[in-house]
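Since the structure comes first, as structure tokens, the remarks are kept for the end.
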Ligand SMILES: *[C@@H]1O[C@H](CO)[C@@H](O)[C@H](O)[C@H]1NC(C)=O
Ligand SMILES: *[C@@H]1O[C@H](CO)[C@@H](O)[C@H](O)[C@H]1NC(C)=O
Ligand SMILES: *[C@@H]1O[C@H](CO)[C@@H](O)[C@H](O)[C@H]1NC(C)=O
Ligand SMILES: *[C@@H]1O[C@H](CO)[C@@H](O)[C@H](O)[C@H]1NC(C)=O
Ligand SMILES: *[C@@H]1O[C@H](CO)[C@@H](O)[C@H](O)[C@H]1NC(C)=O
């Protein structure tokens, strides 16, 4: 989600909903045609019967059947996805969509929806220092696709000094667009996708990033080394991506005012797969948890079939359980963790007492102390006292605020802009939500806990002329890793049998490149601009994993997406349930561990058929798998997937049924030896209380590299009490490698 901004969005939900409604009303007025409201739909067709060149004609013929004329069909079509998919997008009435779904040639029709976008230190913290072993030649052949808000061509992170020509297999392209004069040898592809035709005055119709989010994520995956990167002196260091020698292909699908449309996302997947990328990083989420509908799930499946790994953000809807998104097993789903640093400000009250708040406040105070007032006492109208306590726009009386710091409860982000806009100095904001996120402010401000808030309120009440001063933020050490409060949690709403998120990576206060086209906060009156910015979100965590997937791929160019994912999962550093009570539902297998991921020892590999067997086992109807597979599947004619979950996944999850006694899950797995041979692996099992876990055989002998061995894990859960989740594990250990699989048992 537009990171940073996602926090803004969350707290201004009512406003944005209002806007959205307005927009929808306007849109529907615009598209009313004989009383019929039209929307964009994506229509999947059966396997290509003719050459791709004729696909467009086929689509138009199909579409013409529900439209008045061929011309009308042509006008209504906004995309034909002919490269790797077999589908098109068009503006249809509900009735036309229904008619299309009933046609024999048509496999699936779904309505377009809009989704939202969901370092320096971070790489050292997780153990990928600049001195880490790299395969530069091979790394420079890796192409990473970013589906995001575009990028900033002027950024130092994307210069191409020292780069050779793009890899020969590259088929992508790069045009000249507004404010963009074309690619270089680092950014080898740049396109934008926006088919809804709605103008977006706050954005640029080009791959150029008007938001900053895409610039940030792209530089985190593969940005060049940029020394002395900092935000007004904070977080100073060398900014860089995981694979600074890799190439970037930019697919802009998210727009400042509308978000990210399914039909545009699908077009970007279609293009990226055709262009020949190796890794897709997508920090976008939301929507239907079904694995067989939705642009990201479908796009990632087609990518997987072409050997391309898709890494996606888990979402920013934590810490509530069951909020994780992008949960298809062919996607690597990334949670956000904190690194060992935070940003805090000291607030000195007029009585000499110091309290502390969190946030990025780049302002050195000019005065020693400023008068302090509670928003409640600055209300414009006595009826508005409650709203004034939140410092909502229009609720404060300017002459009561002028020259003062205002104490507000957190209702919506940007209160410092409201206060500054009417002549105030800044705000002390009280909130217990997201205590770990350092929000950036456009005027002096900091966030204090409700406990500290009480101290401040009492102080204000204790004196006739309360005052305070907020000092510039400083970098502080903290205990890490832990899962960020906002990071979406399992259990996986898409399947009871697949543990999601898969892995945690740094996503809290990450410094990376930004755009000078937007102020730091985007708030009214903000005059702060910087080439680097701190952002927080699973959006920031995702490119860390995409970067490591690229790093692994530079050592093993022929590994499948499943093998790379397995390497990332089984080498993750375990995190602690003492820190995150939701355990694996918060952090998956644990913290990303880049250097170990290169040499996992064993991998849990899979191919497309494996996922289809899994989907059949999950109860998906064969006909519903058509958008993934290209034709309807007959589940009963396939070999059934094995075991409890019918998937060769590197983690295991047994969901209990309510009010039932003992539940037994038999998990069948096959591992491939990707290390040297001969070698022997022995199993170590850790069973939580009330659960018995056994593995058979307990030892695996490999005489060759790439040899496969199968085993069986039996999980017998008698009671886990009222716990939401309990954790066990299976570790395969050889003299050189540790291959760890979390095993979780959860109550529904
Ligand atoms: C884009 O380019 C135009 C003309 O060169 C310029 O006026 C405008 O300010 C630029 N916009 C941005 C956002 O850089
Ligand atoms: C950042 O660090 C470098 C090297 O340690 C130093 O030369 C530079 O002055 C620092 N910049 C800031 C803004 O602190
Ligand atoms: C409060 O913080 C300020 C600024 O960091 C410092 O100068 C002062 O000594 C502190 N006062 C106390 C009582 O700790
Ligand atoms: C699916 O496969 C089964 C077993 O091979 C067969 O009996 C059945 O007729 C097939 N169904 C369809 C719709 O083709
Ligand atoms: C595995 O178990 C065998 C037999 O118990 C033992 O000889 C061997 O040392 C073990 N290997 C490892 C790596 O623990």
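Here the Cβ of each residue, glycine as well, is placed from N, Cα and C on the backbone.
In TrEMBL, annotation is done automatically, which means it is predicted and not curated.
The active site, charge relay system annotation in TrEMBL covers 148, 213, 539. Residues or ranges marked as domain 'Inhibitor I9' by TrEMBL: 41-118. The domain 'Peptidase S8/S53' annotation in TrEMBL covers 140-590. Feature annotation from TrEMBL assigns domain 'Subtilisin-like protease fibronectin type-III' to 647-745. Annotated signal peptide per TrEMBL: 1-34, in sequence order.
Residue counts for the domain 'Subtilisin-like protease fibronectin type-III' (647-745) by DSSP state, with H, G and I taken as helix and E and B as strand, are 0 helix, 60 strand, 39 coil.
In the three-state DSSP reading, residue 539 (active site, charge relay system) counts as helix. Residue counts of the domain 'Inhibitor I9' (41-118) by helix, strand and coil are 28 helix, 27 strand, 23 coil (DSSP-based). Confidence in the domain 'Inhibitor I9' (41-118), given as mean pLDDT, stands at 89. Long-range neighbours of residue 148 (active site, charge relay system) (same chain, six or more residues apart, CB within less than 8 Å of its CB): 117, 209, 213, 214, 217, 218, 250, 251, 252, 253, 254, 281, 282, 283, 284. In the three-state DSSP reading, residue 213 (active site, charge relay system) counts as helix.
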